[in-house]
Structure formats: C-alpha cells, structure tokens
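*Asks:* Submitted below is the structure of interest, expressed as structure tokens.
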Amino acid sequence: MGNAAAAKKGSEQESVKEFLAKAKEDFLKKWESPAQNTAHLDQFERIKTLGTGSFGRVMLVKHKETGNHYAMKILDKQKVVKLKQIEHTLNEKRILQAVNFPFLVKLEFSFKDNSNLYMVMEYVPGGEMFSHLRRIGRFSEPHARFYAAQIVLTFEYLHSLDLIYRDLKPENLLIDQQGYIQVTDFGFAKRVKGRTWTLCGTPEYLAPEIILSKGYNKAVDWWALGVLIYEMAAGYPPFFADQPIQIYEKIVSGKVRFPSHFSSDLKDLLRNLLQVDLTKRFGNLKNGVNDIKNHKWFATTDWIAIYQRKVEAPFIPKFKGPGDTSNFDDYEEEEIRVSINEKCGKEFSEF
C-alpha cells in the first residue's frame, strides 16, 4: 500500500471511530430511558400474516390515520412465558427502540394489551433473502459481497454498542426496495460486556464455542458471517445434516470444504471467519473488524459508499406498490384475541 492509500485508510478508520462514538451517545440515551406505549392496536388495520413463530406472528398492517404500511410483530405473553423467552423479548424491544443504522429495520411503535406485546416495524416489501437465494440457487461473489459488506458494517455498529446479534441467517435478512438489506428479528440480541453463556441461535449458524457450552462473546457473530457468506455463494450452508447433533459434530471438527467455483480470496476469508480457534478468528483479533474490511475479497468494496447506500444493488425485488405482499409466503389467518383480564403484567411491566 502506498503512503497516500495508507493515509486515506487511516483517516477513514479515524472518522469511523468518531461516528461510532456519536452513535453510542445516541444509543445510550434511548437505552437508559426506553420509549413505552407509543401506539394502540385500534390505530392499525390488519391486512395479512407475513410470518409465524412459536409465540406469535408478524402481520402487514396499515396505519388508519397516515395510510402507511408496517410489519406488526404480535407476541402472545403467555406463550413467551411458557417458552422462557421473557428476557429475550424484553431485550429485543429495548434494543430495537434504541438502535439506528441504515441496515437495521426500524421499530416505529411498541405497545401491549392484556394478552399481547406489539412491535410495529417498518415494512420491507422485498421479502427474505432466504426466498430469493433458494429461487436463484446461489449468488455470484460480487452479489454475495454486496450483502456481506452491509452485515460487516452492521456488526461493527452493534458490537461498538456492546450488542451481540446471535441470529444471523438468510431468513432474518429482508431486501428493501433499493435492493439493500434490512436486518430483522432481534429476539436473541443482547447487550453484553465480556462473555455470555445462553445457548441460542440456529443450528447451522452456531459457533463452536456456543455448542461446547463455553462462555462466548461477539466473535460468534463473525463466525455466523462466515456461514452466511458461504451459504450465499454456494447455495447451501457449510455444515449441514439431518439432525442438529450431526451438524454440531461437523461445526466443532473445524473442517470445512469449499465448492470448486469459490475464488481463492473467498476461501481465504472464510477460513479466517470459520476459525474454531478464537485467538485466530477474524473480527476477534487486535485489529478487530479491519482485518475483515481490509481483506482481499473486499478489495473492491467502497465501505463509505455502501453505508451511504450509493452502490447500485445487484438485484431489486419486484414491487407492485405499497402493501404488496407477493414476496412473502401465505399463512393461515387467525383472529387476534385479547383477554378481558391482564395476563403476565408483572413479567412485562418494562415493555
């Protein structure tokens, strides 16, 4: 690297530092005094279910006054308690209302009633990366790199706030109208200084240290980034099997095989991210995220232009106008039932 290039890189890293320091101030204000009860169920017209989970569903809704569309996440308090997800759910809302980044889905309103918790988020009509990846088969390396760069920046932002995301997978990445990523589902996100021990995540994406019940840190997100980049570029994840236990055996073995079409730069990056030895894993070394940002596979990436959303996206989802749900699957519709008695008031008092 020439002197001029080195100087440019140095000044870029300085301005990132300044940006993150300011971002932390903004985050901490909202983290310390979270917004509560900023809307009511009656203000929204419910249109269609976009997805379902073990303790709730996500619906497309329309704000009756403004006509704006949103994605409303509805969580059944009693089911959340039964599945021991109280802490995770409170984390999700507290974190989402405090963060602000171009590739994180925005929480617009949150409220609760006798039966449910509600998180009303920006509606991202392009659907999940998962469905586009399965349809296309695999992404070209430049296509995968465009998405990967956004995740790198997002993790750099989250980690600077002491947040671990813990749930990276194509199902949690939505594609917006400009073809950029919106990370959704902060159900497993957590603010941690140092290490944590909870077993959570998706089998294919779990880092070895989580499987081995060791204390772990934000390096688990960089491992998951390696899994995601592999899956985007190959069309299948690096470790897969019929049963979770078999997947776990492959993950902790430290062996990974690459398709012959992977470039040597991509293989090199992945060996450094899918690195079982934490003292060698990229993102977890003394240079932090810069080992990843300065890697040869990302040589063509203009990080500032990605952040500013100035890079032309490789793929724009089909979009037929506001409220279009054609990029989402169909689900059986169900009435939202609200009890006349308050359920689990104590458990969710801070929501």
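Cβ atoms are placed via backbone N, Cα and C, with glycine included.
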*Asks:* Select, from Thr184, Thr196, Thr279, the one residue given the annotation phosphothreonine by Swiss-Prot.
*Replies:* Thr196
*Asks:* Do you know which of Thr49, Thr154, Thr300 is annotated phosphothreonine by Swiss-Prot?
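*Replies:* Looking at Swiss-Prot, the phosphothreonine feature maps to Thr49.
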*Asks:* Labelled phosphothreonine in Swiss-Prot - which residue from Thr52, Thr198 would that be?
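*Replies:* Cross-referencing Thr52, Thr198 with Swiss-Prot, phosphothreonine lands on Thr198.
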*Asks:* Which residues of the same chain, at least 6 positions away in sequence, have a Cβ lying under 8 Å from the Cβ of Tyr331 (phosphotyrosine)?
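*Replies:* For Tyr331 (phosphotyrosine), the qualifying residues are Thr49, Leu50, Gly51, Thr52, Arg57.
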*Asks:* So, by DSSP, how many helix, strand and coil residues make up the domain 'AGC-kinase C-terminal' (299-351)?
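*Replies:* Summed over the domain 'AGC-kinase C-terminal' (299-351), the classes give 5 helix, 0 strand, 48 coil.
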*Asks:* Once the DSSP letters are reduced so that anything not helix or strand counts as coil, what is Asp167 (active site, proton acceptor)?
*Replies:* coil
*Asks:* Check the Cα-Cα distances from Ser140 (phosphoserine) to the recorded positions Gly56, Lys73, Asp167 and tell me which is shortest.
*Replies:* Asp167
*Asks:* What is the total of other Cβ atoms whose distance to the Cβ of Asp167 (active site, proton acceptor) is within 10 Å?
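*Replies:* There are 20 such Cβ atoms around Asp167 (active site, proton acceptor).
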